[in-house]
There are 4 protein chains.
Amino acid sequence: MNILFIGDIVGRAGRRAVRTFLKDLIKDYKLDFVIANGENSAGGFGITKKVAEELYGYGIDFFTMGNHTWDNKDIFKFIDEDPKLIRPLNFPDNNPGRGWQTIEINSTKLTVVNLIGQVYMQGVDSPYHKFMKLYPEIEDSDIILVDFHAEATGEKMAFARAVDGLVTAVIGTHTHVQTNDAQIFPEGTAYITDVGLTGAVDSILGMKPDKMIEKMKNSLPVRYEVGTGRVKIEACLIKTDDQNNSVKQIMEIKKNNL
Amino acid sequence: MNILFIGDIVGRAGRRAVRTFLKDLIKDYKLDFVIANGENSAGGFGITKKVAEELYGYGIDFFTMGNHTWDNKDIFKFIDEDPKLIRPLNFPDNNPGRGWQTIEINSTKLTVVNLIGQVYMQGVDSPYHKFMKLYPEIEDSDIILVDFHAEATGEKMAFARAVDGLVTAVIGTHTHVQTNDAQIFPEGTAYITDVGLTGAVDSILGMKPDKMIEKMKNSLPVRYEVGTGRVKIEACLIKTDDQNNSVKQIMEIKKNNL
Amino acid sequence: MNILFIGDIVGRAGRRAVRTFLKDLIKDYKLDFVIANGENSAGGFGITKKVAEELYGYGIDFFTMGNHTWDNKDIFKFIDEDPKLIRPLNFPDNNPGRGWQTIEINSTKLTVVNLIGQVYMQGVDSPYHKFMKLYPEIEDSDIILVDFHAEATGEKMAFARAVDGLVTAVIGTHTHVQTNDAQIFPEGTAYITDVGLTGAVDSILGMKPDKMIEKMKNSLPVRYEVGTGRVKIEACLIKTDDQNNSVKQIMEIKKNNL
Amino acid sequence: MNILFIGDIVGRAGRRAVRTFLKDLIKDYKLDFVIANGENSAGGFGITKKVAEELYGYGIDFFTMGNHTWDNKDIFKFIDEDPKLIRPLNFPDNNPGRGWQTIEINSTKLTVVNLIGQVYMQGVDSPYHKFMKLYPEIEDSDIILVDFHAEATGEKMAFARAVDGLVTAVIGTHTHVQTNDAQIFPEGTAYITDVGLTGAVDSILGMKPDKMIEKMKNSLPVRYEVGTGRVKIEACLIKTDDQNNSVKQIMEIKKNNL
Ligand SMILES: [Fe+2]
Ligand SMILES: [Fe+2]
Ligand SMILES: [Fe+2]
Ligand SMILES: [Fe+2]
Ligand SMILES: [Fe+2]
Ligand SMILES: [Fe+2]
Ligand SMILES: [Fe+2]
Ligand SMILES: [Fe+2]
């Protein structure tokens, strides 16, 4: 099976990048399943039903979220109904939505789990323990993909090594910068520290540089705006063996327009 | 001029990586100057005179540091004498050592500046303002290289964009994971969010995985140990034009042994 | 001289507390000068010209601020003109407003300095170094009062001990809970870790409890609202000797209505 | 019933304070039960069996802990055997020790629960949810006391208001500065934001001022030492009704020697 995981889609520019590049990626890599982190897809902050549907239309099959899950209140209206969007599992249990989902794709049982780190993030439970408590319920899946949304490289990698062999892949999100370390760990779990950014090329984390630079210079509050102009998609490809569902390859993907 | 910037060297394994790979890199890329971040070079925590001299012997010309600068007290004995080692400029002014240094290489005036981020780092001044205050003093350098040692991708990139055109390169360090975003910004400054790790391949940030995994599982205090086995060097190459000192190229470099 | 320092005034309820209690406090304690922390006086977030003027009308002579300084954009319109309102000195130098002010009261030269802590606060310079650099300029003041706006008790106390003997008083603000430790340090500087909250009694930090409790239960974003009902003023009284300006007394003050 | 809760005991000076003052407090206030936070009782960092036994000998009946629980490895040897010492309940479940304990005192069933905040503390689960999950098991206790060990005033108060009416008292610890806000909330739960410090008077948080001041001035690593000289005990008294176990009074207590 060929799975694409797309890094945080930021605003209109990010959606344009998906529209521009995804169709070809689906064809070129014979993709069976496309996941994306959608926490910044609506104006940089959160997601709306309209934006989600626009992106489903471009070929995205599933969304994970992160610390920006609740930024746009529209999500409260549809998260409990949308079977293709999850939020971090280790958010408080009484939060709307779910933290994992099992999907059937050509008779392969695929489970996606969304987790968020605890380092520099407040109000969330242990991602490791929350995951291990869930594990017996999803263990019989053919493929398990984890979006681990976190700031600290060490926390991402420690989690991935802690579940090495239990899951198909741990894909890091949140920093909006793709890392150069896609690899398969000793027990077979595929890993990348951060899959990157889908949005404006001339940007800082997808937002217009000017306001971020201004903030660096004076620490005053600013209203960030989504970047414009050329766009890029950053993602990673995970290829699994159709016989035994083991990972055959994980590879960074990056496409710019000119 | 061909400059190599080597990512955080972690412990004995990191020094072995330098010994294993640097000689060939110097030859292959006709390197004129080799800088490395040395904050973890002695047992993972800080640097000692002995370790610095071992690494100078392998071909490193200059060291920058970071949040681990003072972890090994040996540094207090030699930092004020060693002209080839600097610590973050935006540490308190009364700290030992210096935050920048100008070196003459084949009649090219090269200045190295070391800065540390403020996000998730305490007790340090504004890197931007500290740098801009220094700038008039170093402005006439042919080449200015900045090691920006920080956690948050946004802070690194915002600083680099804020000084785009004023310096030759801003090289990020600290996360121990190489990013896939080496680029030249609109005004000509070369940039990479993080140059990566020089140390054990089978490790988490250069340290043995078992203790980091244990910590993930139980949050109890652990004593980290430097990783062993296969080693890698992660770095980036900056090529400048010998006529006008503009950047011609910035490129990630990564070498493993088998 | 009798000086009153009033803890963070939170919203309409806080202003009502000032209106209710200050006139009597001025009379009862023969106050010569009344300072208040105003960072939450407009709806809980920042300050406006209108709110400042209302509070000057109740007898407040001077305002200090904190991390909420810029929350209400109205401040940008008047901070450079208002000689009675300062913001933290260790904000970036290019920020609007000033970090200290000298006032003449009955031929006594009184200087107020506003500082903010670095622990858990980002984008600010060292309060100690920024203060020591200013010190020669204000040293000849008869009385020096510092509002140290910070989260961590240790940082507040360490600063105060570091400047013990150089200033009349270091008054902590920001936690909105009055501490029970008003004291005079060995070299004569008066100190309290936090002077407290001026606002609604039935509140959490001045805001309605329901939203704060909801946040504790589900970590979802909430819009805080200023508390209502009974109000209190929390402050401290600093009495200085009219001959030599040394501190004679520092005392917590707390008044509720019924 | 008369219960005394003693604030964080810091090192030898703190133990001397307990020895000096506790016997009289027990007599004067007819104390039935004495709890103390012991996380700093051994040299400022953690607790040992020897230190715990010394303090039991002075009249302490029970210990709670906090972020320094594991600082001294001696605790691993006895925490699972000692029925009078608990650590935060919302530490990972696989940690040694327990997070709550029920004790029978004169046929009154008293439960002590230890929680730790999530704000600025990493690797811990939600204190609210962990507590609410435990609640059915302890609900039939006559008295429930919670030590909420946390930095942020808002988190402490929000938790206490969230469980107002469910527990007898929520006592804040960790900041080592007593607050001036002991009160009974609308539904009957007694509360204080921080009960304070038991240790050296001439200290910063119980440690010698010189090293803390040095750290403020230069941000270099220092080895803190327990303060010496005069000592104080800070605590609070909770009086419950022997008929219905409701809180009759909560009162700050503070004693210095001269
Ligand atoms: Fe994101
Ligand atoms: Fe995020
Ligand atoms: Fe490092
Ligand atoms: Fe570092
Ligand atoms: Fe405030
Ligand atoms: Fe504040
Ligand atoms: Fe403590
Ligand atoms: Fe603590």
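Cβ from N, Cα, C; glycine included.
Since the structure is predicted, the reported quantities are computational estimates derived from the model, not experimental observations.
Together with D:Glu39, D:Asn67, D:His149, TrEMBL lists one candidate of D:His174, D:His176 for binding Fe cation 2, that being D:His174. There are 29 other CB atoms within 10 A of the CB of D:His149 (Fe cation 2 binding site), with all protein chains counted. The Fe cation 1 site is set by D:Asp8, D:Glu39, D:Asn40, D:His176; from the centre of their CB atoms, other residues of the chain with a CB within 8 Å are D:Gly7, D:Ile9, D:Val10, D:Gly14, D:Asn37, D:Ser41, D:Gly44, D:Gly66, D:His68, D:Thr173, D:His174, D:Leu197, D:Leu205, D:Gly206. Each of the binding-site residues D:Asn40, D:Asn67 was ranked by the number of other C-beta atoms within 10 Å, and first place falls to D:Asn40. The Cβ neighbour count for D:His176 (Fe cation 1 binding site), using a 10 Å radius over every protein chain in view, is 27. Within its own chain, D:His68 (active site, proton donor) has D:Glu39, D:Asn40, D:Phe45, D:Gly46 as residues 6 or more apart in sequence whose C-beta sits under 8 angstroms from its own. D:His149 (Fe cation 2 binding site) carries a strand DSSP state (E or B).
In this structure, the binding-site residues that sit close to ligand 7, with a C-beta under 6 angstroms from any of its atoms, are D:Glu39, D:Asn40, chosen from D:Glu39, D:Asn40, D:Asn67, D:His149. Report note: the Fe cation 2 site is defined by D:Glu39, D:Asn67, D:His149, D:His174, and the residues of the same chain whose CB lies within 8 Å of the CB centroid of those residues, excluding them, are D:Asp8, D:Asn37, D:Met65, D:Gly66, D:His68, D:Thr69, D:Pro88, D:Ile116, D:Ala150, D:Thr173.
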